[in-house]
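Copied over from TrEMBL, here are the features:
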type	residues	note
DOMAIN	91-169	domain 'FMN-binding'
MOD_RES	Thr152	FMN phosphoryl threonine
Amino acid sequence: MKKILKLTVFLAIVAGLAGGALSFVNGMTDPIIQEQKIASVKENLVKIYTSGEEFKALDVSLSDYDALSAVYEADKGGSPVGYIYETAAQGYGGEVKTLIALDKDGTYKGLQILDCSSETPGIGDQITGESFINSVVGKNIGDSIDTISGATFSSTAVIEGIEQATQHYNENFK
């Protein structure tokens, strides 16, 4: 009985020390990880909205929009010129993550597919192709967007994100 008690106490101490060490390492690396995420987001925002000079994350409610995960404002000369939405909608094999830029002039300014790695190679990943992206960019906000034949689930996921971004934009920024 004493042996079981000793082993239990020993294992509890080892588990506590391991948990404390993991917590310490997490505390030390978390700010670095967050910095890298912010740098990556800024890099993507500059790519998709080239005329923006500054970008800031907006603290807006997205609870009514299940495909929207973040909204950024693009500023030029201190005035907002457009908005960029980060979306994540269900495709065929998993989530399809995108950035969609809406310009204040009433057009889709840019579309970037951030992640479609779980989509079927050669079929679902057609959403990353220039022809699909160019079919969106330059269109008037709210115009219909065609799905890709053979990659319907993947393109529908992108379109769902675009439609929710459009709805949020029309309700909050137009």
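Even glycines carry a Cβ here, placed using N, Cα and C.
Bear in mind that TrEMBL entries carry predicted annotations, made automatically and left uncurated.
Other Cβ atoms within 10 Å of the Cβ of Thr152 (FMN phosphoryl threonine) number 15 in total over all chains. According to DSSP, Thr152 (FMN phosphoryl threonine) is assigned to a helical segment. For the domain 'FMN-binding' (91-169), the model gives a mean pLDDT of 84.
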